[in-house]
Amino acid sequence: MYKLVLIRHGESTWNKENRFTGWVDVDLTEQGRNEAYQAGELLREAGYTFDIAYTSVLKRAIRTLWHVQDRMDLMYLPVVHSWRLNERHYGALSGLNKAETAAKFGDDQVLVWRRSYDTPPPALEPTDERAPFNDPRYAKVPREQLPLTECLKDTVARVLPLWNESIAPAVRSGKQVLIAAHGNSLRALIKYLDGISDSDIVGLNIPNGVPLVYELDEDLKPLKHYYLGDQDAIAKAQAAVAKQGKAG
């Protein structure tokens, strides 16, 4: 049996402001830093250790990983930073308040943009300052692979090459792997691992800063998964994530 630990970054400044974030590189709030540190404490107390970690190239995930490593005394851990673990690109919605957007377009439309499998939000114009083309962190990524908007289907297609080529081989080799990423890049991976249908994925909500443990068989098929921590608090956090895209 193998174990894989996933963690969504702690609360970011735009999580707090209920804004669509996507590839915009916002930082953690004080609460987010505390959530990350507490995640490290939960993992340490439960006896976990790691051989390698994976994260995105966005600071809210990177800093979350730092705090987990710090609390676990694993600052030396090899870390792979990949744009493939970035949050889903929210296109022209990037930076907009979710509730205000729902009030304008309707709860149902915003739910489709946020949680459906194959309907992307309106795309950015290539000349928009939020477009990734001139960002140095993506200088080595072929321009045609850089998105101006994404649906979850696009995010799955982006994440899976990293899983197949790097993460899965690391797990199979016996390494203890930690992934610190984002709500939708983790939803994409979980959809693949658990075989969740396109329609059912809409109901999957991942709370900030809570370790999610997957126990996998020799074929990397899930045997079970569970969150570490107070289960009532986790359920409330998941419900709060689900409400973010509603008008009020």
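Any Cβ shown, glycine's included, is placed from N, Cα and C.
Taken from Swiss-Prot as is:
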- HIS9: active site, tele-phosphohistidine intermediate (ACT_SITE)
- GLU87: active site, proton donor/acceptor (ACT_SITE)
- 8-15, 21-22, ARG60, 87-90, LYS98, 114-115, 183-184: substrate binding site (BINDING)
- HIS182: site 'Transition state stabilizer' (SITE)
- Task: Tell me the Cβ neighbour count for GLY183 (substrate binding site), meaning other Cβ atoms within 10 Å of its Cβ, over all protein chains shown.
- Result: 21
- Task: Report, in whole Å, the straight Cα-to-Cα distance of TRP14 (substrate binding site) from HIS182 (site 'Transition state stabilizer').
- Result: 13
- Note on the structure: Check: min Cα-Cα distance from HIS9 (active site, tele-phosphohistidine intermediate) over recorded positions GLY22, GLU87, LYS98, GLY183 goes to GLY183
- Message: Roughly how many Å lie between the Cα atoms of the residue listed as 'active site, proton donor/acceptor' and LYS98 (substrate binding site), rounded to a whole value?
- Response: 16
- Task: Count the Cβ atoms, other than its own, that fall within 10 Å of the Cβ of GLU87 (active site, proton donor/acceptor), considering every protein chain shown.
- Result: 26
- If you skip the near sequence neighbours and keep only those at least six away, which residues in the chain come within under 8 angstroms of ARG88 (substrate binding site), Cβ to Cβ? GLY22, GLU150, CYS151, LEU152, ASP154, THR155, HIS182, ASN184, SER185, ALA188
